[in-house]
């Protein structure tokens, strides 16, 4: 029998019709002569009724059914009596009287229930991933992801972008994160690398005159995993020729608006705000600000420069900063104990304490209130826009510590005070990033974005001999959603001369530059157009739109936190023959202990 | 300045308008006070005219231009005088009088000309791939490919398929072709494999209730390369639940019709013919028949069983076959020398010679004509539908040799006689394939399609104890285009019992079955729906629609015949640190000689 529609779509429209449905037994209620089955498929549930009255054979079948059996049925759609209507079910006004039924497959009892908010361990869920994905909230994650990619394809196609595939077997470059390697059989001792991104290939496509490229591209990084990371991840990757940073941002906004409309039926307001990296750091202490709420950082460095409170004036004297946030209504909301807890919380960012005052009708109260005379109180209130009843929290330290302390505190307080509208999607551009970042770990300057990023026009001279390249800012832009980096991009360097200067500033010798990026430098010699682009993290975008806590929930078959896949048990030991063919020897083998993965 | 349109799109519609264009200098003709530039971009060429009359500054710029310089210009579109119209150019009726020009980048002289039918070696073209892709015929290949994928996304989305990504870091399975391996850093001595196809994952998605899945999926096989193969390739991959083989074929036909319409504006006639594998072998001697022309194989085994010509009767006696093709008008078209050449040609297929007769008004002529008396002549003519003037070519040997000989001969003759309409796209389904193939090399039975293929309902019993499984045919289907396999699929096994029987028939022990496919067998226990699907080779499809000879021409950055990539020089040597982190030692290193790649 041919399916008429999905079970989850049988609604009032179908009343009076004969339908054929296929799906899984979600639940069975056996009243003897009357058996109710909730039939589940991709689109939801519908209630089936089996009774001798409709079909004795079907009733016998129903008697054998257990959860997760696969069945097909034919029956008549009837309106339920008012008292039987289930308002929590999309199909709750109808039921199907079954005239014919057939078991297509049986099922053992699953290791966890197929329902939302399942109470099973992550490992168990991953081992039985095909069962976990049957749960509606998981299915919804995949559907949201699908809607995003469909919107991306249609919007970018309409806007003249060509979908071009770039290779997954590429050359290893020590720059950036650690590569996944793929040994070559034809060239013993040689390796491909899985791409960390299609960056160089998409630039070369601009050199090839493709003009507008996009790809939903798989990327790979062999790094230790954190919550929002996977060994393989997907980005919406695009590149254009001849466009300015603003034009690329405009196109991206159109793309995001389409995605929001097609996925969640939300109309986002365009254009998004664009703030410079400097402004973002100043107002929010972070380059990924969550602008769903206010509580911005206010600079008090000048206001307290000559304060008698030595924590403030001392910090300023040492070249540091004093900044504050005004917590609305915080004077009552936070006890001294609560504030002590916040002080504890910010220690992780290097803060040596958390100075505070409460704003009262008579000025400030609290242990350090005495250091604020009338004028300074007025000045602080003016600078922070604080109102009576607010709590003022101060950080006084090196710039980075102040920024970290107050930016994390800001988010933490917003959560505690329920200031965040979880239904809001707040997009924002942060532009003009520094060209270089100082890597505290490796004690060296690295490319903030990547080594192909174009400096701002007025900063190009910083890359000249005898100047300080690290002063340069870049034609780069990140798109932030709800305080998380959704993606980013830049205008790229399109002349060999500037690219060589940039690599030199990153401590490449001419030889190492040629060895690693010779093909790009050569390409720049042959009429390379001005170009730029952007990449958006699809996994994170899908997670945010599906309102899930972990990107694993929007990836069909993710890896666990140790980069293993418990269902198929990958990675695994391979045969000696496979290793021989690759001219490889394993020097150490971990126990093949599934529980370890 | 903002681009108005692509250079290649400036036609009569733009006459009288001021346009801004950006692109590459294709050609420069310097008449002193008048300089003509052909400006090229993604969409084609347009002629620019520089003259003191329009702008002295622009003329000075034009004087500096060389091939492949990148420029932007603003000018007025004018209709050309009748005598200047270039009918070979899409924009040949207009030209642009340039008022403003700017050089965006310079270019060295490229190593080969940027034009179709380039006369450069494959290696040179690959080393400068970004230049090769500027050539219109190459760009067209990527555009055709893009149109195909766009059509696939929109058609499958409209038909309720969900685009779901499956992992690229998977478990190695010795079945099938050789895996590309990816060493794990976290689990020393353990390896991921790059997927040869998403087969098991898409089946598991059916188990998860996705109902309709698709993906444009990258696949990897570490095999020695032939003309139409690449180490990584792409397939249009789909899988459905609850549908019959015919329903899946119908959906696929709709998909192909949409692709043909969107890509080449061709209306294909649906449904495609469906013939069984047996019929295909009988009529064409191959399971990938080119049906753009006739010349089918005719079985004469019974007709010549008792022939006095011992080559025929002997072959029949030994259990072989005698078959023939009638070459229309071949009696005049082929001299004895030509026929000798054909005899030579078929030796590679194991044929020991090529018997032939020409059909004349008086019966047969030729060396073996004497063996055909009036009755046998009549019988052969009736069986072959031969006409006067035809050439009859016979093969008499083992079944396989007869099939190979005549099927290749058929195609070779069609080429020589120009019987193939190169503008025709002839699609055809070949269905009901054998479930198993005998691998002559490894001397064992292997799965013809893959081990998850469902036997025909009436053949399921062949997999029972004591029966011969190799007699079974399968619910499988290949889609053939112009004599090439475009893709194929099958209904899959959805019960554990049958899957275990199938693996047993492939010589798996219960242990090795569990080791490799335990997760699938387990999944089949939990309510697996009936399901089936198909995969279409995107690279080949794009090659055929773009009318290119090599799939490399529809892949942006392909590998060469030794699986290397001359532009970036992948694969390459990696650092000892990288190997150490992976607990690997290289036992042999080939010379890092670029020329070898």
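Every residue, even glycine, has its Cβ placed from backbone N, Cα and C.
The L-aspartate binding site annotation in TrEMBL covers B:175, B:221, B:449, B:492. In sequence order, B:433, B:435, B:474, B:476, B:488, B:490 are the residues near residue B:449 (L-aspartate binding site), counting only same-chain partners six or more apart with C-beta under 8 A.
Under DSSP, residue B:223 (ATP binding site) is assigned to coil, being neither helix nor strand in the three-state scheme. Using a 10 Å radius centred on the Cβ of residue B:223 (ATP binding site) and all shown protein chains, the other Cβ atoms total 14. For B:221, B:222, B:223, B:230, B:485, B:537, B:538, B:539, B:540, the entry in TrEMBL reads ATP binding site.
Annotated domain 'Aminoacyl-transfer RNA synthetases class-II family profile' per TrEMBL: B:141-566, in sequence order.
According to TrEMBL, the region 'Aspartate' annotation covers B:199-202. Away from its own ends, the region 'Aspartate' (B:199-202) comes close to residues 166-167, 170, 213, 215, 237-239, 450, 452, 517, 519-520, 533 of its chain (Cβ-Cβ under 8 Å, at least six residues beyond either end).
Using a 10 Å radius centred on the Cβ of residue B:485 (ATP binding site) and all shown protein chains, the other Cβ atoms total 15. Taken together, the residues of the domain 'Aminoacyl-transfer RNA synthetases class-II family profile' (B:141-566) have an average pLDDT of 96.
A coil conformation is recorded for residue B:449 (L-aspartate binding site) in the three-state DSSP classification, outside any helix or strand.
Site extent for ATP: among the recorded binding residues B:221, B:222, B:223, B:230, B:485, B:537, B:538, B:539, B:540, the largest C-alpha separation is 20 Å. Shown are the binding-site residues B:492, B:540; the one with the most C-beta atoms within 10 angstroms of its own C-beta is B:492. Non-local neighbourhood of residue B:221 (L-aspartate binding site): B:177, B:178, B:180, B:196, B:229, B:231, B:233, each in the same chain, at least six residues away, with C-beta under 8 Å from its C-beta. When DSSP labels each residue, the region 'Aspartate' (B:199-202) comes out as 4 helix, 0 strand, 0 coil, counted as helix, strand and coil in that order. Of all the Cβ atoms in the protein chains shown, 26 others lie within 10 Å of the Cβ of residue B:538 (ATP binding site). When the Cα atoms are compared, residue B:485 (ATP binding site) and residue B:492 (L-aspartate binding site) turn out to be 20 Å apart.
Residue B:538 (ATP binding site) and residue B:492 (L-aspartate binding site) are 22 Å apart (CA-CA, integer value).
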